[in-house]
Structure formats: C-alpha cells, structure tokens
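There's a structure below that I have some questions on.
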Amino acid sequence: MARTPGPAPLCPGGGKAQLSSAFPPAAGLLLPAPTPPPLLLLLIPLLLFSRLCGALAGSIIVEPHVTAVWGKNVSLKCLIEVNETITQISWEKIHGKSTQTVAVHHPQYGFSVQGDYQGRVLFKNYSLNDATITLHNIGFSDSGKYICKAVTFPLGNAQSSTTVTVLVEPTVSLIKGPDSLIDGGNETVAAVCVAATGKPVAQIDWEGDLGEMESSTTSFPNETATIVSQYKLFPTRFARGRRITCVVKHPALEKDIRYSFILDIQYAPEVSVTGYDGNWFVGRKGVNLKCNADANPPPFKSVWSRLDGQWPDGLLASDNTLHFVHPLTVNYSGVYVCKVSNSLGQRSDQKVIYISDPPTTTTLQPTVQWHSSPADVQDIATEHKKLPFPLSTLATLKDDTIGTIIASVVGGALFLVLVSILAGVFCYRRRRTFRGDYFAKNYIPPSDMQKESQIDVLHQDELDSYPDSVKKENKNPVNNLIRKDYLEEPEKTQWNNVENLTRFERPMDYYEDLKMGMKFVSDERYNESEDGLVSHVDGSVISRREWYV
C-alpha cells in the first residue's frame, strides 16, 4: 500500500511550506517501516519554517496606537519591507469576529475603496512598499482596530494591526454670570466656563485668585461629556477691571484654551468736591469748584446747591463744575453741596467756602526827581496826612489792642488772688505747727579754748515735767540740775498761774561752781509783766523771750 503525502502546512500568514520525504517508496514494493530520523534532523526544518514565517510577519511596520480627533483627518502608517514579490496590499477593519475591507491596492488593477469609506480614504502614494492611508472626516464609527495586510509570492500573506481611538475636541465658551456684580453684595457667579461634548471630559481651571470655582459634569451615550465651571466671588468695587481666565485642557487639543473675562463691578457714586485752596478773598476772580464722581454705571447728572438754601448771583453750574462768574464777595461764603446719582443710589460731598478780606499790600510810588518851590512847600504844609492803611485794618488793630489790655488786667487780678491764697495757707500751716509745748534744749558746754556763752538758765521748779521721749534720753543724766521734787510731782498746778511767772533773776555766775550739764534757764532771770507773755492756742502762757529761744 502506497502512502501519499498530506497537504503542506500553512504559515500563520497563509503561506505554504513544501515538505518532501527523504526516501520515496518504489512503486509496488513493500518496505519495512523506516527508522525514525535523529531528533536534530527533525528540528532543523521546523526552525527554518518558523524563521521564514516570523521574518515575513515582522517586516510590516505600523503604529500600534493612533489618536484621531472627531471631524478631522488621521493617517494610518504601514511600511512593508520584504524581499519577496508583493502582489497586493490592503486595509481591513475588524468588526467583532468579522473583518471589513477598507481599501485595496493592486499593482495591475489599481486602487479600490469599499463601502462607507469611499471618498474618505486615500493611499499616500502608489508604492507597494508603503501602504499608508489618510482617513478624512473622522467620526465616532471610525474608532477600532485596523489591519494592514500584504500578499507576497511565494510566502503568502503578512499583516500587522493598529488601534484607532477617536477623541472629541470640546467646544469651549465663556459667558458672564446670570446676575450683576454689586459692590458689597453676597457671593455671586461672576463667569461661567463651559467645555461641551468632549471625549474624554475636559479639565477646567481658573486664574485670578479672587474667588473659587464650582464645577459639574454631564455624560452622554456617545461617550462624550460636558463640564460646566462657575467662578464665584464676593464683589467689591476694588475688583472692577480685574481679569479672570478660564483654562481648558484636553488631549485632543494641541495647546490649552484660555479665555479671559474682565470683571464689571457696579457701585454707587463716590463723590468729592475739589477746587478750593483755602485762599479765597474778596475781589478774587476765575475760581470754580469741581464735583468728581466715580460710579458704575456712570452717573446721570451732578446737582449743585448750598446748605443754607441761598444762591447768590454769579454762580453758574455747568456739568460737574460750579463757576464763580463775578469777583468774589463775602456773600459767596457758605457750604456748597454736590449730589451725584446713578441706578444704584445717590451720594454727595460738600465743601465749606470762606471768603476772607483782601490781603493788605503797600504800593511804593515811583521815585521822581522833585524840584521844590514856595507853592509846593505851602501845599505840603496845608495837606492833610493820609495813613497808608485802610480803615478796616485800623479798626482791626484797635480791637486787638483793647482785647490785649483786658486780657492783661484779668490775668494780673487772677495772679494776685492766687498769691494771696498761697500766703494765707502758709501762715495758717505755720501757726498750726507750734503746739505750745516748749522743751529746753541740751546745753553744750564750750571747749577749753572757748569762753562759755552767757545764756539764760531756767529754774528747775519752773519747768513742766519731761515728755516720755525726753525721759528716755536722759535716764541717768550727769550733773542734771532738775530738782528731785520737781520730777516727782505729776503736775504743777501753779504753772499756769500768772503770779508765779514773776521771778527774780540770778546772775550767770550762780552756777559757775557747778559742772556743766543739762541746765534750764529759770524765770528768776526775767522780770516780766503781763505784756511780756504770750497766750498759746492750748491755753498755756509762754514768755516772749522763751518764744524766741
């Protein structure tokens, strides 16, 4: 029985590899089963077969992943580098488990585009080694897996695949918030940035650092999504004219999209009156007041008035300026008010105007050579002298002089009253200081080189008892002349007797034989009458001489 070889095996690309038997059997002969070849002889053909198929498959160069943008064009690259003869190249798209031919290039029959791709697919060139195509007007259905296939002879088919991802570029818009931004109002949406129907969803950021953002996203069945971002802030007039920027990022964009928005903050008028320099005097000309107003929306008009309701002649209001047509007089002194209003309210400002007297100026007469004559001398003698000052200035000087005199008199009187009060207080305090108790002072004897002073010495029985403080100091006195019976007596009832005050005097040498110590001047030294005594506030009577000791 003869054996026939089976079909040749196919390469993964469809090429067939021919295998032949090493010992073909002779016709009509029955031979024993051949001996299995060594393992190495079996591996060599298999290695050559897999090498040929792998070399053919790896020779088609494509991009594994391609990103396409909806509505735009995309190129699908396919380069074929083989040494075999290329008989045909084609592109196919995989739909589930089946494939759909997109385009075919045959060297003899030319180009062919199938189905919905007609008019949208073009080959880049006519070379069989470059199967790159351009797909126009990308739609959602164009996403998926595409195969670039090449048919060669004698090895058969070779192919590589690329995956196309369709992105949708978002539609970006920036609009003003629904509500007006009012100075001092609550948190308000200033601007809204929208990135609509993007695939995938876009990313929105804000620049400005004046508020905060709040975003929300909505998804759709076609895998697109819309993101809405609101920029909120607390409006203030100082933010007027500031710029905030919406920044949109998306993989389908070549660069970020940036939209800016200028904040429009509305506020009531801010009013100020200018033009008065504080030196408006009688007779001055060409002065005016200006009403400056800053408001958004712009103010309707400016209204001038005076606080006292008067409106002197010569005042002309033109737009925001008040003109003083005539030379200034004291009648123009007053408080001028400017009121400005817009749709958000009314504001005003006022300025106090004071018209002072004209400045005093002395004009020097030009020096002209003068020749005297008898008639001129007579005219000079009879001419009345004129003061170079106006009468109003003289009246002012007179008033100032009278005021100065009155102020001086009042000040002098107040000064005298103050001095009198101080003197009385001083005398009263001095009188209150002396209590009427007189204590003899310790007598300090002179040195050997000095003669003893002749002081009056009081008698011992004429002095009151010591106070406690003095007794402590003189507990054991030396040569103390105070009599013992005096110290033992608690009281001297005769001390306040006027008759006992008249004593005889002893000479100073009466005590010369005694040692010097604590001595008292006796009233024997004095011969005084009632006129020589002084009555004290506590009822005691003291000698005038003792008063001055």
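Every residue, even glycine, has its Cβ placed from backbone N, Cα and C.
Reproduced below are the annotations present in Swiss-Prot:
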type	residues	note
SIGNAL	1-57	signal peptide
DOMAIN	58-165	domain 'Ig-like V-type'
TOPO_DOM	58-404	topological domain 'Extracellular'
CARBOHYD	N73	N-linked glycosylation site
DISULFID	C78-C148	disulfide bond
CARBOHYD	N83	N-linked glycosylation site
CARBOHYD	N125	N-linked glycosylation site
DOMAIN	170-258	domain 'Ig-like C2-type 1'
CARBOHYD	N186	N-linked glycosylation site
DISULFID	C193-C246	disulfide bond
CARBOHYD	N222	N-linked glycosylation site
DOMAIN	269-354	domain 'Ig-like C2-type 2'
DISULFID	C291-C338	disulfide bond
CARBOHYD	N331	N-linked glycosylation site
TRANSMEM	405-425	transmembrane segment
TOPO_DOM	426-549	topological domain 'Cytoplasmic'
Suppose we draw a 10 Å sphere around the Cβ of N222 (N-linked glycosylation site). How many other Cβ atoms does it contain, all chains included?
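Its Cβ shell of radius 10 Å holds 11 other Cβ atoms.
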Can you give me the Cα-Cα distance between N83 (N-linked glycosylation site) and C148 (disulfide bond) in Å, rounded to a whole number?
18
Here's one to test understanding: among the recorded positions N125, C193, C246, N331, C338, whose C-alpha is closest in space to the C-alpha of N73 (N-linked glycosylation site)?
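Spatially nearest to N73 (N-linked glycosylation site) by Cα position is N125.
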With N186 (N-linked glycosylation site) as the reference Cα, tell me which of the recorded positions C78, N125, C193, N222, N331 is the closest one.
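Answer for the nearest of the recorded positions: C193.
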At the level of the C-alpha atoms, what whole-angstrom distance separates C78 (disulfide bond) and N125 (N-linked glycosylation site)?
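Cα to Cα, C78 (disulfide bond) and N125 (N-linked glycosylation site) are separated by 12 Å.
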If H, G and I count as helix, E and B as strand, and all else as coil, what does DSSP give for N331 (N-linked glycosylation site)?
helix
Write out the long-range same-chain contacts of C193 (disulfide bond), meaning residues 6 or more apart in sequence whose Cβ is under 8 Å from its Cβ.
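In sequence order, V172, S173, L174, I204, W206, V228, S229, Y231, C246, V248, Y259 meet the Cβ cut-off.
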Provide the three-state DSSP residue tally for the domain 'Ig-like C2-type 1' (170-258): helix first, then strand, then coil.
3 helix, 51 strand, 35 coil
Determine the Cβ neighbour count for C338 (disulfide bond): the number of other Cβ atoms within 10 Å of its Cβ.
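A 10 Å sphere around the Cβ of C338 (disulfide bond) contains 25 other Cβ atoms.
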Residues with Cβ closer than 8 Å to the Cβ of C148 (disulfide bond), same chain and 6+ apart in sequence?
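Non-local contacts for C148 (disulfide bond): I60, V62, L76, C78, I89, S90, W91, A131, Q159, S160, S161, T162.
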Looking at the recorded positions listed here (N125, C291, N331, C338), whose Cα lies nearest to that of N222 (N-linked glycosylation site)?
N125
Take the C-alpha atoms of C338 (disulfide bond) and N331 (N-linked glycosylation site) and report the distance between them in angstrom, rounded.
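Here the two Cα atoms lie 19 Å apart.
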Over all shown protein chains, what is the count of other CB atoms within 10 A of the CB belonging to C78 (disulfide bond)?
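Other Cβ atoms found within 10 Å: 27.
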If you run through the domain 'Ig-like V-type' (58-165) with DSSP, how many residues end up as helix, strand and coil?
6 helix, 65 strand, 37 coil
